[in-house]
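Scroll down for the structure; my scribbles are underneath it.
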């Protein structure tokens with residue numbers, strides 16, 4: 001830990017400052033507006049939000065298709081354009097690809113669009129968990145610094161997260177249409193697997209000289225691992241509480 005802190009202190013602050021993006025201002029606005037909206041819509045229910053159903057359905061469909069396009073596009077770049085070659089000596093090779101930059105930018109923008117997830121929960125009278133709140137705040141910042149830096153490992157975030165969100169938004173879209181689908185816990189499992197596998201792939205990037213010598217990339221390395229590590233713990237706790245712990249039986253009900 002001491003060695004890691006020493007390495008973090010050696011990073012060039014001026015270089016890290018270049019990762020700033022004007023859209024970051026939306027993050028504190030989101031952070032403040034969530035508790036305010038919870039007060040405004042206190043007592044709301046699924047019944048009272050029925051008028052929003054077509055909008056929420058369209059949102060889920062659009063986000064599922066968008067996520068699929070980003071994941072497929074990133075897979076094409078990774079496996080076709082770069083023949084699956086990662087962690088090479090040129091840390092900016094991916095960033096110079098126009099399609100890569102285009103996909104990463106719009107995937108970054110989608111993290112702000114996903115703030116709507118929280119609004120839809122609130123107007124339906126559902127609680128906003130710390131997992132949900134922290135996850136949305138951190139994801140926007142993480143994708144922002146990844147895009148600004150042109151970091152090669154951004155492909156991990158886009159490919160894995162895009163795949164999970166394709167399934168997740170499709171599932172919730174189907175649920176809105178009255179489809180009773182089983183396997184909701186599999187979405188949480190997919191989330192956990194994406195974090196574990198993503199962190200595993202990301203772990204050795206500092207072994208590349210051009211990565212380790214770049215203050216921006218090393219800052220992203222530390223930030224992403226801390227953020228994803230916390231979110232992973234949230235998801236593991238959620239899975240245990242929701243699917244592994246025995247649920248209390250309602251009075252008068254038998255097995």
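Even glycines carry a Cβ here, placed using N, Cα and C.
Residues annotated as transmembrane segment in TrEMBL: 23-44, 56-79, 102-123, 153-174, 186-205, 220-240.
Within the chain, the transmembrane segment (56-79) has long-range Cβ neighbours (under 8 A, six or more residues past its boundaries) at 86, 94, 97, 99-100, 103, 106-107, 110, 113-114, 116, 120, 155, 158-159, 161-163, 165-170, 172-173, 176-177.
Residues 57, 60-61, 63-64, 67-68, 70-71, 74-75, 77-78, 86, 94, 100, 103-104, 107, 139, 142-143, 146-147, 181, 184, 187, 190-191, 194, 197-198, 201-202, 205 of the same chain sit 6 or more residues outside the transmembrane segment (153-174) yet have a Cβ under 8 Å from a Cβ within it. Note on the transmembrane segment (23-44): residues 109, 112, 115, 118-119, 122-125, 128, 133, 136-137, 140-141, 144 of its chain, located 6 or more positions outside it, place their CB under 8 angstroms from a CB of the stretch.
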